[in-house]
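Here's the structure we're looking at; comments come further down.
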Amino acid sequence: MTEPEPTLEQEPTPEPEPTQEPTPEPTPEPEPTQEPESEPELELKQENGCTKASEQKSPEEFEPPEGGWGWVVMLASMWCNGSVFGIQNAFGIMFVYLLNEFGSEHDADLRFKTAWVGSLSMGMIFFCSPIVSVFTDLLGCRITAVGGAAVGCVGLLASSFVTSLGPMYFTYGIVFACGCSFAYQPSLVILGHYFKRRLGLVNGIVTAGSSVFTITLPYMLSGLLKSVGLYHTLRVLAIFMFILMLAGLTYKPLLPKPVSSSKPGSRCPPLSRIFNVNIWKSLGYRIWAFGIPAALYGYFVPYVHLMTHVEERFGPEANKEVLLACIGITSGVGRLIFGRVADYVPGVNKVFLQVSSFMVIGVMSMMIPLCHVFGGLIAVCLLMGLFDGCFICIMAPIAFELVGSQNVSQAIGFLLGMMSIPMTVGPPIAGFLRDRLGSYDVAFYLAGIPPLIGGAVLCAIPWVEARRKRREAANTAENTEKMLESRSPPLEDTVCRTEEPESVI
């Protein structure tokens, strides 16, 4: 036992060479390769905040719970739609006070200039939508909505301190409107996380929130404007935006996000998440995205100028708030009815509901100058509100049908962004025609033409989608047939193989 020990002590001279071999062994260990694989899973858990079962599923396999916390989210989204579009739809009440506060009787373009305040506000809500869709995909519905409500609150507070139309363009027309845009769009996207089978009904209930506010806000604003004035009224409306901040905290996302295709260790999102070009590959979506803006050049004109038109025709004592209330009541009823009906209309055939709504809205806009009795205006507003609710409530369900749940955020965003141009331009043009012609008659006649044209364009969408599905079905059948032919042996070989043993026998 003592003899081998010196031999081991003498051999270290050749052994240093193998001792260097184990040193590189820790480098090929697969530990660093495992780290980037676990990071997307942690990000999914932090961003989605949902159960493990839903995290493991792809967005295509995800099934919404159809209720639960979704009912709370629905009520929060309803408040969002009400506070955002209720204030916008009631701008006709503030329009009269803006004319008296900032205008002059000697200004020939007074209505044209003042109408830009409301038009900028409504237009910017939709103009910012493509940017909002990117923020919604990157930051989530909750952060985007809460941040937008905070900006809207600041915009209304700042508007309560201005003393001329110039700053009002910025504070009310841009800052407040941008905040509303960031708060509004997530309220539509989050509904797809909780509902699928009842999505049409839920969208009808949510969008009915603007109808409830359109009914009540005109009376509330009239009382506030008479008692406390324009500036304190704007501060009261800022409280609505603060409540909207609290409502946005309920937007807990459930839809799992796909694993990022960016390089491991890179925190930059892929370009496809920032600008999703896949939605533009659908011809049906392209027709939809261009047909709806074409129909909306005259859509916002009655909401801005109808109150002034009533004062000019029926006198300042006319109960003009009743007209907005009629639009709001029937709009809410229409959203509930047509939202439920849309659940039973298969696929993209829901577009025909929008077509009918545009046709009726166009005809009713042309009927406004023909009403020389106040009761006739009430009937026109009732029908206009009913089909206005139809157009609004099925916008999100149609987007889900055309592009799928994973792409719906940017699909709605780009659509609303394209809607901003006609909704911004329409009311100032109507005000310009009034200042030049001395009457709103021509303005309302022209406002009814674009909805008729846009509705006719939308009729092509179901035909285009049906042709696409037939083509896809034919391609899949052809591919499966080729796969079966490649896997099965040729018929001649099988015949030869069966004949050979018979000849041997």
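Using the three backbone atoms N, Cα and C, a Cβ is placed for every residue, glycine included.
According to Swiss-Prot, the feature topological domain 'Cytoplasmic' maps to 1-66 (among others), an assignment based on a curator's inference.
Annotation comment: Swiss-Prot describes 1-64 (among others) as region 'Disordered'.
What Swiss-Prot records for 1-14 (among others) is compositional bias 'Acidic residues'.
Under the heading compositional bias 'Pro residues', Swiss-Prot lists 15-31.
Swiss-Prot lists 32-41 (among others) with the feature compositional bias 'Acidic residues'.
What Swiss-Prot lists as transmembrane segment is 67-87 (among others).
The feature topological domain 'Extracellular' is assigned by Swiss-Prot to 88-114 (among others), with a curator's inference given as support.
Remote same-chain partners of the transmembrane segment (115-135), defined as residues 6 or more beyond its termini with a Cβ less than 8 Å from a stretch Cβ, comprise 84, 88, 91-92, 94-95, 98, 144, 148, 165, 168-169, 172-174, 176-178, 180-182, 184-186, 273-275, 300, 303-305, 409-410, 412-421, 423-428, 430-431. The transmembrane segment annotation in Swiss-Prot covers 115-135 (among others) and is backed by sequence analysis.
The topological domain 'Cytoplasmic' annotation in Swiss-Prot covers 136-142 (among others), and the record cites a curator's inference as its basis.
Annotation comment: Swiss-Prot describes 143-163 (among others) as transmembrane segment. Same-chain residues lying 6 or more positions outside the transmembrane segment (143-163) and placing a CB less than 8 Å from one of its CB atoms are 80, 84, 132, 135-136, 171-172, 174-187, 231-232, 234-235, 237-238, 241-242, 244-245, 247-249, 251.
Annotation source Swiss-Prot lists topological domain 'Extracellular' at 164-171 (among others). For the topological domain 'Extracellular' (164-171), same-chain residues at least 6 beyond its ends with a Cβ under 8 Å from one of its own Cβ atoms are 98, 102, 113-114, 116-117, 120, 155, 158.
If you look up Swiss-Prot, you'll see 172-192 (among others) marked as transmembrane segment, on the strength of sequence analysis.
Sequence annotations record features per position, and here Swiss-Prot assigns topological domain 'Cytoplasmic' to 193-204 (among others). Beyond the topological domain 'Cytoplasmic' (193-204), the same-chain residues lying 6 or more positions past its ends with a Cβ under 8 Å from any Cβ of the stretch are 63-70, 73-74, 141, 253-255, 335-343, 350, 389, 393-397, 400, 405.
Under the heading transmembrane segment, Swiss-Prot lists 205-225 (among others), citing sequence analysis as support.
Taking the topological domain 'Extracellular' (226-235) as a whole, pLDDT averages 88 in the prediction. Residues or ranges marked as topological domain 'Extracellular' by Swiss-Prot on the basis of a curator's inference: 226-235 (among others).
Residues or ranges marked as transmembrane segment in Swiss-Prot: 236-256 (among others).
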Contact yes or no, the transmembrane segment (322-342) and the transmembrane segment (205-225), 3+ Cβ pairs under 8 Å, gap 6+: yes
Counts of helix, strand and coil residues, the topological domain 'Extracellular' (308-321), according to DSSP: 8 helix, 0 strand, 6 coil
